[in-house]
Amino acid sequence: MSQSDFILETKELTKVFGGLVANSAVSIGFKEREAHAIIGPNGAGKSTFVNLLTGHLPPSGGQILFKGANIAGLAAHKVTRLGIGRSYQKTNIFPSFSCFENCRLAAQSRLASSMKFFRSASSYKAVSEQAEHALEAAGLTGRSGRVAGTMSYGEQRQLEIAMVLATAPQVLVLDEPLAGMGKEESEHMVGLLRDLARRYTLILVEHDMDAVFAIAQTLSVMVNGTLLESGPLDQIRSSKAVQDAYLGDGAEAY
Amino acid sequence: MTLHLPKRLAIVLVVLLAALALFPLWGKLVFAAKFAFLMQKLTGIMILAILAMSLDLLVGVAGLVSLGHAAFFGLGGYVLAMMSPQYEAANLWVVLPAALAVCALASLVVGYLSIRTSGIYFIMVTLAFGQMGYYFFNDSKAAGGSDGAYIYVKPTVEAFGITVLDLEQKLTFFYVALGVLVGVYALLRMLLASPFGRVLGAIGVNEYRVQGLGFNPMVYKLVAFTIAGTLAGLGGFLAATQYGFVSPAMLGWHQSGHVLVMVILGGMGTLFGPVLGAFILELAHFAFESMTDHWLLPMGAMVIAIVLLLPKGVAGLLLQWSKGKGAGE
């Protein structure tokens, strides 16, 4: 075990696109079983940070420590196998597959190898069970037979979460899970995320501040590719620097 | 990707298959003088259907549009031609595995170099490799150059000095082709239902997400490319056996495009669709050709009509029909 109290930690993580520094020496630690939200205005580098964290982009510099081991530069499919699952800002599912098959495929990714040619995929009982559990946990029980692309937008977002859960992750990285949702759908999703926060380490990128305050215990604020401040909810709420940079001058009330 | 066939559709396909299997019985009565020709024609179509199914694994399932698939078809035929002794029959148990091994190796190498690209670039790269194969056999003296090469005696299967399978017999060869067609279909169905096939199908729908789930899409695509290339080689081996002749045209982009049309007309990702596509395209070709010298015109019109009216091919129409009926009852 590492001496660090963090399950996942970035050290001086940097990403440069040509002349643009999208992430500049970002160091954030994520504690186990903590709901940690990353907020910041558009263009602050949050999505880049998520892509770096999950191997979807290779970093230009710095370290990503997962349980003490540096995983920076590891390809996305290897990162997720370590137990860091992510959902996507834009719904990213298999629309022509059934809801269940979406999750079954996600669960199948936890087999030691999927280079199996002879047995029917449906005959792997443990995989199917894991998929069922994930659908249930994401509140999609009874939807398993539906073609994913024909479900409502909110349900597709739930499926997105269910697919991550089906990969049996330890850390959930959720990129704007509430994006584009209506009020009712949002409330439903917030309930779901609060529930998940009790069982998983949650890293949440979100614009909806009501949701962030309802779910997260820790906040990190990013501005212009750098980490402005990181700390418990109350500390960030009362931070002058954060208020100036992001939350406005206090005239707007939530 | 279609995993389960609706019952009605399955019945239709079994009836069609039975009609084909019994053709040597009823064809003789119905077509009389043309029977021998039609037997040869149908055997040839079945072989093309094997090639079309193998391409469907790439195009329809994994979303890899290859314009060089015929290269492996031709290669399978050329291995047979080059390994056959001039005046004796080659041993099938030697030449067939050899042809498959060569095609597997060739498709592994070509696949390794081309799957890094996608979309239009993948089409260009596979086209280039296909044409390389074409010119290799066209310009080298190794196997007859542009004249092609003959296989004077067909390979035999012998056990204890007795000929078990005589491929010179038209009827025997017809059933061998039918058996391989059904066998390859069953093999590919099994593959599609397996964990490997599910991942491959998912790559065809959303490759980015597949990687996000923890699969390395490149590995799956490469294995699929190798399987498809090997099965194409099996088809080419049969084609060379049937005609007793191989030529560079077997490998060319014209042939690749022709098979691609079969896959698209028949219905991508359905396996049985490309088989139907092969029969429709080839039989229409035969029918139009016997009616007019300008057969390419009605042929083109038919292709355009099917593509416009049936965006999911003939198989899409059949699937819709069988599901619609099933739901209505």
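Including glycine, each Cβ sits where the backbone N, Cα and C put it.
Because TrEMBL annotations are produced automatically, they should be read as predictions rather than curated entries.
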Quick test of your reading of TrEMBL: among B:9-29, B:219-239, where does it put transmembrane segment?
B:219-239
Considering the transmembrane segment (B:219-239), which listed stretch of B:42-65, B:93-113, B:120-137, B:173-192, B:259-283 counts the most C-beta pairs under 8 Å
B:93-113
Can you name the far-off residues of the same chain, 6+ from the ends of the transmembrane segment (B:42-65), with a Cβ under 8 Å from a Cβ of it?
1, 20, 23, 73, 115, 118, 122-123, 170, 173-174, 177-178, 180-181, 184-185, 188, 191-192, 197, 200-201, 203-205, 207, 220-221, 224-225, 227-229, 231-232, 234-236, 238-239, 242-243, 259-260, 262-264, 266-271, 273-275, 277-279, 282-283
Would the transmembrane segment (B:259-283) count as touching the transmembrane segment (B:173-192), i.e. at least 3 C-beta pairs under 8 angstroms with sequence separation of 6+?
yes
Given the transmembrane segment (B:259-283), its same-chain partners at Cβ distance under 8 Å and 6+ residues beyond its ends are 1-2, 5, 13, 41, 44-46, 48-49, 51-53, 55-56, 59-61, 65-67, 69-70, 73, 181, 185, 188-189, 192, 201, 204, 303, 306-307, 310, 312-316, 318-319
